[in-house]
Amino acid sequence: MGDALQFLVSGLTIGSIYAIVALGFVTIYSVTKVINLAQGEFVMLGGMTMFSLTTAGIPYFLSFLLTILIVVVIGWLLERTIIRRSKSSDPISLIILTIGLAIFIKGIASMVWGKDSVKVEPFTSNEPLQVFGAAITPQSVWVMVFMVVIVIVLYVLMEKTMLGKAFRASSVNPLAARLMGVSPHKMSSLSFALSAALGALAGLVISPILFPAYDMGLMLSIKGFSASILGGLGSAPGAVIGGLLLGVIESLGAGYISSGLKDAIAFGVVLMLLLFRPYGLLGEKNVGKGGL
């Protein structure tokens, strides 16, 4: 019982991060139809920037806010200076472009922070809580709480505000949106900024657990993209379910079969599910309808 609960909690913790990363993919794809494979680098930048700011003596909460702001500005600049100029390219070229951006960001990070992992202090005490034989760290609870809060905030933003309607309008029909006074270019920039904020938040909450390093972004991009595909590319609820499911499968596979095969097991299950439902658990056959 204790082992099963421990594996489940670990799976939900890392699955929450995959879900947040997947939401970043969905946010950009729903508005721009761009698959941003540099999303994991926003997570890495969140963790490493937080390390630098706290090491410099800046108070923890202020470092938290500054980290989000810095990563958001980076995401916004990438869209304005690189992605926007390439929007007319075919989807494969755009994917290759985002891979190039990921490699570039990782290279800069290795020069700035070096190749060793770093330690970021947890939000609160790191004394684990014993629940039915499982040790649950407060930081794991924070990760899951942040994921729930992010889902709620995104739902309210996209479904209950004019900005959310503008996002959806730009996705469904950019020309009609432009005629109604909505700038698709501005919505594209905002979607990248929002996606960068999600990546930064994921990096902030997971760094005290994973010990961030310059090269952590690649695998997080792969896992987050897999989660978004599993749930249904373009579906925010699907991204959350896909992320949590991927994390739990990975944790159970590592615990009961082999830790060395955890990635292979997780991706194998994803592939099997997609064979039966290629458009994802909550996706639609036509994912180009827009919205989250």
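Note: Cβ is positioned from N, Cα and C throughout, glycine not excepted.
Automatic prediction, not curation, is the source of TrEMBL annotations.
Features as listed in TrEMBL:
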type     : residues : note
TRANSMEM : 7-31     : transmembrane segment
TRANSMEM : 51-78    : transmembrane segment
TRANSMEM : 90-113   : transmembrane segment
TRANSMEM : 133-158  : transmembrane segment
TRANSMEM : 190-214  : transmembrane segment
TRANSMEM : 234-257  : transmembrane segment
TRANSMEM : 264-282  : transmembrane segment
Ask   = Sequence gap of 6 or more, Cβ distance under 8 Å, 3 or more pairs: do the transmembrane segment (234-257) and the transmembrane segment (7-31) meet that?
value = yes
Inquiry  = Six or more residues beyond either end and a Cβ under 8 Å away: which residues meet both conditions relative to the transmembrane segment (51-78)?
reply    = 38, 42, 45, 101, 113, 118-121, 189, 192-193, 195-197, 199-201, 203-204, 207, 212
Ask   = Does the transmembrane segment (133-158) come near the transmembrane segment (90-113), with 3+ Cβ pairs under 8 Å (pairs 6 or more apart)?
value = no
Key: Candidate ranges 7-31, 190-214, 264-282 - greatest C-beta contact count to the transmembrane segment (90-113) (under 8 angstroms)   = 190-214
